[in-house]
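Heads up, the thing below is written out as structure tokens.
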Amino acid sequence: MSIRAEEISALIKQQIENYQSEIEVSDVGTVIQVGDGIARAHGLDNVMAGELVEFANGVMGLAQNLEENNVGIIILGPYTEIREGDEVRRTGRIMQVPVGEELIGRVVNPLGQPVDGLGPIHTTKTRPIESPAPGVMDRKSVHEPLQTGIKAIDALVPIGRGQRELIIGDRQTGKTAVALDTILNQKDEDMICIYVAIGQKESTVRNVVETLRKHGALEYTIVVTASASQPAPLLYLAPYAGVSMGEEFMYNGKHVLVVYDDLSKQAAAYRELSLLLRRPPGREAYPGDVFYLHSRLLERAAKLSDAKGGGSLTALPFIETQAGDVSAYIPTNVISITDGQIFLQSDLFFSGVRPAIDAGTSVSRVGGSAQIKAMSKVSGTLRLDLASYRELEAFAQFGSDLDKATQAKLNRGARTVEVLKQGLHKPLRVEKQVMILYALTRGFLDDIPVADITRFEEEFYAWLDSNAADLLEEIRTTKKLADDDKFAAAINGFKKVFVASE
């Protein structure tokens, strides 16, 4: 049988044309050192900063330090199985988290994996955890109120949708309670809330979730938790995961509230990672870019322009101070980034003034333009009343001979402090806040004994619901003060039936 050269060459040509290369080109490096949640790898010359890499056992890592001879990687998972000499490969992707409606009502970790035992989350949408903040032209001035339901905040330091308002105070001063009450008050406000717990005890997070569930707030809330037992990389990533989940809603024209509880622990986790990566330490051993850590997170909160859908993302970051020292490094950084701060004083808290908001040092730089007209009219003199009361209170302890004007200021101040007190998880609708503050600032409470103010308030709200519902509805819909005569008639009508205690 003769074999013709033409046939052979034709067959070879055909084989070459039909040949499909199955070679996969990937950048592979070798682990040269591992420990404390950090790995160093050699050979990943083309890896990008912030890129995901995959270890041989399937655990992912984040390339952070790009050095001359090696790459510093933070490991996002258990690192005990990773050994020196193991293979590590580039993925070509940056870290993303699952987003979308499916996460609402769930408790997830910073990687978007459910930790509440309610099964998998079926969403196909993801967003990168690091994304640029909206530009100047994509934004709009803050002008819509975010009602917290807390009289002291809505009257003195109002918050608008799209604002960043810092909540700062020592441990055990009621910071989490302020945020929870704010979330509970969003029930019928068409808001999606995201509570990010950073470095909290798991029992604390459990209590928060149960509180939200009990009050029906979990149906519009996502809880992101990186508890104290988690490795530092997850604590560092948790706030970025939370804001990415919120951005998905904001860019679709919805309103979002994100609570970061608290950023001090995130900064400590980032300091730990930076020192392990051998980055040079600065003040208080924090790395040089710790300001950027928080600024790039909080700048992603915005009120979007109408062209971008008009959505908003409001941020409530927490900072824990040591012995009330707001001039430490992290507190001053975050104060300078945010649009105001609510300062919680431990002295006030332990003296029974709760929420323990210090009206003198708390400010809201942009919330005033978002406050409803009715509230700005009734709360105009509150800050001055409180400030003069605190000043005179110190003098009044030394002498009893006070003139009538001073005594009147002290009496009004004592009643103001009582009215601004509020029970735990009892947020108040804004129309009822306006009614009680009107009664306070216009002198209707001056003849009510201080000890009876709390009872007066509770009975007044119940009386308004049954006897002056139209007045409450008018404030709610017009957002303006009704006729003075209507207010006076309602308040005097209740005072006639109110019985002071002996």
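Glycine is treated like the rest: Cβ placed from N, Cα and C.
Remember, it's a predicted structure, so these values are computed and weren't measured experimentally.
According to Swiss-Prot, the feature ATP binding site maps to Gly169, Asp170, Arg171, Gln172, Thr173, Gly174, Lys175, Thr176. Residues annotated as region 'Disordered' in Swiss-Prot: 115-136. Positions annotated as site 'Required for activity' by Swiss-Prot: Ser362.
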Remote residues contacting the region 'Disordered' (115-136) - C-beta distance under 8 A, at least 6 residues beyond either end: 50, 94-103, 106-109, 209, 225, 237, 240-241, 244-245, 247-248, 296, 299-300, 302, 304, 308
DSSP-derived class (H/G/I helix, E/B strand, else coil) of Lys175 (ATP binding site): helix
Helix, strand and coil counts within the region 'Disordered' (115-136) (DSSP): 1 helix, 3 strand, 18 coil
Residues close to ATP site centre defined by Gly169, Asp170, Arg171, Gln172, Thr173, Gly174, Lys175, Thr176, Cβ within 8 Å: Glu320, Leu344, Ser346, Phe349, Ala356
Lowest local Cβ density among Gly169, Gly174, which the record lists as binding-site residues, within 10 Å: Gly174
Between Thr176 (ATP binding site) and Ser362 (site 'Required for activity'), the C-alpha gap once rounded to whole angstrom: 17
Neighbour-count leader, CB within 10 A, recorded positions: Gln172, Thr173, Thr176, Ser362: Thr173
Those residues of the chain, 6+ apart, with a Cβ under 8 Å from that of Arg171 (ATP binding site): Glu320
